[in-house]
Amino acid sequence: MTNPDKQKPVEVTDVETAAEKTSEPTPASGTSTITQRWKREDLIKKASPITRGICLLFSLLAFLIMVSNKHGYGRNFNEYEEYRYVLAISIISTLYTAWQTFAHFSKREFFDRRTSTLVDFSGDQIVAYLLISAASSAIPLTNRFREGQDNIFTDSAASAISMAIFAFVALALSALFSGYKLSTHSFI
């Protein structure tokens, strides 16, 4: 055998031998895909009310901390729009997540399935946006107060804001779960 191009002969590499050794998937792999999907859907069914419950807890804490933030003239939460906004949105978030948690655990359907899924998805997104909006509006005011004097009023305001941010994170995760549920339904 002559080599007209005068090139080295090509040797078989480990990658090529590994590719030859791999076999076609067995018919049983389809069932494992189905069971993986069932496990994923079961995990989402369990995680969604848990994230809403966590949001309920943090929203309630933000509400209670902000309401109790009264420390005399110039140090009352109700003298500042930003803090009143955090209070109002934490009340809305508490009511929304309490209603969603009650609806889930009572197994009652207030709407048909399609409407309920749409309400879950849109409600989670709207309330999550309101939570982060309220927190982001109050952060600059709290930072300005901390530059002048760091006291219990600013600490309470900062803790209420952080609870609102934690509630946002929990509700944003719940919105992801709601979006997944919405995308997997066949009525879309």
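Every residue, even glycine, has its Cβ placed from backbone N, Cα and C.
What Swiss-Prot annotates here:
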type: COMPBIAS; residues: 1-11; note: compositional bias 'Basic and acidic residues'
type: REGION; residues: 1-34; note: region 'Disordered'
type: COMPBIAS; residues: 24-34; note: compositional bias 'Polar residues'
type: TRANSMEM; residues: 47-67; note: transmembrane segment
type: TOPO_DOM; residues: 68-84; note: topological domain 'Extracellular'
type: TRANSMEM; residues: 85-105; note: transmembrane segment
type: TRANSMEM; residues: 121-141; note: transmembrane segment
type: TOPO_DOM; residues: 142-156; note: topological domain 'Extracellular'
type: TRANSMEM; residues: 157-177; note: transmembrane segment
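Beyond the topological domain 'Extracellular' (142-156), the same-chain residues lying 6 or more positions past its ends with a Cβ under 8 Å from any Cβ of the stretch are 65-66, 68-69, 71, 75. The stretch in closest packing with the transmembrane segment (157-177), judged by the count of Cβ pairs under 8 Å and taken from 47-67, 85-105, 121-141, is 47-67.
Same-chain neighbours of the transmembrane segment (85-105): 48-49, 52-53, 55-56, 59-60, 62-63, 66-67, 77, 120, 123, 127, 130-131, 133-135, 137-138, 160-161, 163-164, 167, 171, counting only residues six or more beyond its ends whose CB sits under 8 Å from a CB of the stretch. Here the transmembrane segment (47-67) has long-range neighbours at 77, 83, 86-87, 90-91, 93-94, 97-98, 100-101, 104-105, 131, 156-157, 159-161, 163-164, 166-167, 170-171, 173-174, 177-178, 181, meaning same-chain residues at least 6 beyond its ends whose C-beta is under 8 angstroms from one of its own. Within the topological domain 'Extracellular' (142-156), the DSSP-based counts of helix, strand and coil residues read 12 helix, 0 strand, 3 coil.
Using a Cβ-Cβ cut-off under 8 Å and counting only residues 6 or more beyond its ends in the same chain, the topological domain 'Extracellular' (68-84) has close neighbours at 137-138, 140-141, 151-153, 156-157, 160. Predicted-model confidence for the topological domain 'Extracellular' (68-84) is 83, expressed as mean pLDDT. With helix defined as DSSP H, G or I and strand as E or B, the topological domain 'Extracellular' (68-84) counts 7 helix, 2 strand, 8 coil.
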